[in-house]
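Copied from Swiss-Prot, the annotated features are:
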DOMAIN    3-147  domain 'Globin'
BINDING   His64, His93  heme b binding site
Amino acid sequence: MVHWTAEEKQLITGLWGKVNVADCGAEALARLLIVYPWTQRFFASFGNLSSPTAILGNPMVRAHGKKVLTSFGDAVKNLDNIKNTFAQLSELHCDKLHVDPENFRLLGDILIIVLAAHFTKDFTPECQAAWQKLVRVVAHALARKYH
């Protein structure tokens with residue numbers, strides 16, 4: 001079980017309250033697909049992903065990005081039970097979608113970049129440390145079914 005300090009919880013929940021889930025989620029997923037183009041193979045049903053412009057303008061990328069970041073909200077709400085919170089998603093991504101679990105870490109790193117870009121003043125080194133811990137814990141929980 002992961003131990004969260006009161007300060008970490010405050011930094012995570014405080015920033016999360018300011019996040020526009022639709023915009024940040026869309027940006028995070030689009031960045032993942034652009035920066036790590038091999039991840040596009042998991043999104044073949046999304047249509048045109050042929051260029052950064054196409055990816056950024058793709059409504060399915062935007063919708064799924066919102067869905068992904070909404071699930072991060074579940075982690076924020078359940079900091080003391082992230083493993084169980086993501087048990088079904090781990091099973092889905094492992095057994096049905098066959099997603100490389102390394103992609104969860106990559107998405108977490110991308111999310112950190114998006115948050116830093118959107119919240120320059122609030123995203124202090126202490127805030128980043130708390131969020132790095134969160135994305136690492138979420139990635140581990142999503143990869144759990146693979147072990």
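Note: Cβ is positioned from N, Cα and C throughout, glycine not excepted.
Secondary structure of the domain 'Globin' (3-147), assigned with DSSP and counted as helix (H, G, I), strand (E, B) and coil, comes to 116 helix, 0 strand, 29 coil. Proximity of His64 (heme b binding site) to non-local residues of its own chain (separation of 6 or more, Cβ distance below 8 Å) is seen for Leu29, Phe43, Phe46, given in sequence order.
The average pLDDT computed over the domain 'Globin' (3-147) stands at 88.
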